[in-house]
Amino acid sequence: MKEGELRRLLVANLLCACSVVLTAVVPAFFWDGFTVVGTHLAWLCICSVCVSTLNIILHLVLKPNLSPKRSSFAHKISRFLKCCIYFFMSCILFHAIIVLYGAPLIESVTETFLFAVLLSTFTTLQCLCMLGPNIQAWIRVFSKNGAMSIWESSLQITTMGSILGAWFGAFPIPLDWDRPWQV
């Protein structure tokens, strides 16, 4: 592995971690009464938007998967629309899984869906930025020994860590959203 690639990956991951921390701290300077627990819905929105924006910008700046061939503008638009559809489908899928694990279906639909969006931001969006809407590339990367670059290995670790972290975080407690600290 090239040392330059390792540095770029480290910078990208540190920036993503810092953006999550900053979404918990910076809004308090501009919004009276802002706390992560007290205004959890707003924080989920802010965190999702900031991490999404940062991931897209980092992908455009660092270009971890340079393609030697050029594609037309129509192809890029088609690919972008497919990525948007896949992201929305992943939000719906994560929402359904969270409900199946015990979150209320109707009473706290906003909290559950925003959690699904946040989980999709940490998992699906990064995959879409790196691999695009190519299902064969997703299968290759997430199969055993399928990662061919340091970026793909990081993608595996980040995605699996986010999913397992969400599951282990919710495992010991029931997913009843009537307590703010359980978001």
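Cβ atoms are placed via backbone N, Cα and C, with glycine included.
These come from TrEMBL:
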- 9-29: transmembrane segment (TRANSMEM)
- 41-62: transmembrane segment (TRANSMEM)
- 83-106: transmembrane segment (TRANSMEM)
- 112-132: transmembrane segment (TRANSMEM)
- 153-173: transmembrane segment (TRANSMEM)
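Tertiary proximity for the transmembrane segment (41-62) is limited to same-chain residues at least six positions away from its ends with a CB under 8 Å from its CB atoms, namely 8, 12, 15-16, 19-20, 22-24, 27, 31, 34, 110-111, 114-115, 117-118, 121-122, 125-126, 129-130, 183.
Among the recorded stretches 9-29, 112-132, 153-173, the one sharing the largest number of Cβ pairs closer than 8 Å with the transmembrane segment (83-106) is 112-132.
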